[in-house]
Amino acid sequence: MGVLSKLLQLISFIGVILLIAMVAAAAAQAKPVSDMCGGVEIPYPFCLNTSKDCYLGKNYFNISCNHSDTPIIGNVQVTNISIETHEMHVMALVARYCYYEKFYFTTEFSAGNFTISTTKNQFTVLGCNTIGIIKGYKKGTGYSTGCISQCNDRSEAVNGSCSGVGCCNIGFPDGLKYYSVGFSSFPNHTNVSNFNPCSYAFVAQKGKFSFSTDYLQKGLGERFPMVLDWAIGNETCDKARIKQDFACQDQNSECQNPKTRSGYQCICKQGYQGNPYLPHGCQDIDECKDQTHNCSRAEGCANTNGNYTCHCPKWYHGDGRKDGEGCAADFVQIIQIAIGAGGGFICMLVLTSWLYFGYNKRKIMKLRQKFFQQNGGLILEQRLSRQEGSTETLKIFTVEQLQKATKNYDESRIIGRGGFGTVYKGFLPDNKIVAIKKSKIEDEKQIEQFINEVVVLSQINHRHVVKLLGCCLETQVPLLVYEFVPKGTLFKYIHQESNASTFTWETRLRIAAETAEALWYLHSAASIPIIHRDVKSTNILLDDDFTAKVSDFGTSRLVPRDQTHLATVVQGTLGYLDPEYLQTNNLTEKSDVYSFGVVLVELLTGKEALSFARTEEQRSLAMYFISSMKEERLFEILENHIVAEGNKEQIQQFVKLARSCLAVKGDERPTMKEVAMELEGIRKMQKHPWVNLEANSEEVEHLLGETCEANRYGESSSTITTGYHHSMNIDHGTSALGDGR
């Protein structure tokens, strides 16, 4: 027993000794993951010299951390070390040469076993009349180059440019481990010393230096960032791999030969990341978690060591990759399942379809009836029944007819959008082209607005007013059907530069007369007087012969013959609104006269009624026009081609008429009848065109100046007003203005 006991004790002692030795060996072989110095990570194979023998190989991987917590290698400050790119970022000194000092400061840099990156750095010289020189050794062979920077004045240099004026830069060859920087200069450097006392030269990382002309006089700092390339030893991968101290420790790492220097570098294999110089340093990348995979479905991604796989869900087949087949439905299985399930569904569908269609038909009928009432159909019937003969020309369209006419309200059929609806171009079965307005009714208060337009238009039958053909009230949004006016709005021909120059004075004058005739008819000749309330160039349409037709009666009001005005909420368009109506809320037919006056000024000047591009004083065209007349510079705002081709007497009378329509007080404006008769008289004047505009410009200005003086009736220092005088009703003769077609 004693011998056996001693034997067991001996075996235990030997085991403890072996365990301690194994732990010590493992500790000796253990590599630190990384150190920190001054916020800079020091990864293996680099190491701080506080950890003995922790760095790989020779001392060029040994980093010092001084008292100011700055990492130093040799005598160079380190700012970053990258394992992935095998780069070290350091701070390199700047060479300096000052003309009035007895010495100049050159720099030398030795990279040890590292090389200076040729792709990331460049040699830069700063100064005027300066030659910067860089010398070095590449594989034992001397190397020298440089660049010249010249300028006679600081103003010749350009910020951000190093093209040889105040600043120049060049590259250098691969494999450079050492360089020195020096200077030379031209004899006349004293000529530039007052704005460039010193010259500078340095190697710096690309993108870290941006030239500024201030540097020529104020100078630079002492250091700039530079990039070094590093590798292990001087042997290739093939030679190093068979040696015991081969640095690529991780089984998921591989060796590569750098292109610009000797030695080898370790990198993690594709699908891994980390430090390949450490055992187990390369860790698998979970592409599925990082969303860096190429699977067509995130749910179909499965991570594997160094890779990932993609798969498709049940009843789908394919490789599941975005760059491959993806996932396609397995139609064979789906069809088999669908046939089984579809049989019962079809039986149920047949059983219930007749119930559904019967119910749906009744529902549609009720819904259309609801829309008819909701859109004011009953109110419309009552209103129209009071108007004798008003419904004879109206047609009630069905929903299906208007959907077919507009291709189900296709966007391509839209020809206009207004404050109260969208207008579509439609084709009826008889090939007649119509305009279909889908009104905007957002609340019940607007129903009266819609019904008002129908009632107004149903009473009007005039060649210069857009004709209402019918309506449809069976939809959620009510519809109106008008005659189609092909040329579009007057606004387009006045204000589009491509149209304005070909839009002759004679055509403009005729359109003005036709529009005035239509408004006169609305005010007096219709069965019940109608105030349009939104007269503007966009509401005057033109047919193929440029015949004017007044449109958009959504804001119009009927005026009983025993009333001279209506108290209403102000509606209309800024730039055209009657200032008296705007202040008093009292709507009169003179409100339309004011708005028409703005249209007349548009025809004269080609300018928009309201433009924020003009100065505040000129923003309102009406006020701009009046002030130009008062200041006797009206000629400046008239369109040149109108003055060139027009009749001077016609234009003079036209200007007077427009000014009278724009009187601030409604009582001082002419009636629409007087406006229409005056325009017809102007049209019949004999033409005396201005043959030479430039030669007669003074005469034109004088005539227009007389116009300004002639319209200063009733003006005071505080208000701008003018009266309408019977002198306008000169005996030109008037044509019979019909009250219908």
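Keep in mind that glycine also has a Cβ here, set from the backbone N, Cα and C atoms.
Automatic prediction, not curation, is the source of TrEMBL annotations.
Positions annotated as signal peptide by TrEMBL: 1-30.
Annotated domain 'EGF-like' per TrEMBL: 284-319, in sequence order. As a summary of secondary structure, the domain 'EGF-like' (284-319) carries 7 helix, 12 strand, 17 coil according to DSSP.
The feature transmembrane segment is assigned by TrEMBL to 337-359.
Here the domain 'Protein kinase' (409-691) has a mean pLDDT of 84 out of 100. Residues annotated as domain 'Protein kinase' in TrEMBL: 409-691.
Marked as ATP binding site by TrEMBL: Lys438. Sequence-distant neighbours of Lys438 (ATP binding site) (same chain, 6+ residues apart, CB-CB distance under 8 A): Tyr409, Gly421, Thr422, Val423, Tyr424, Val477, Pro478, Leu479.
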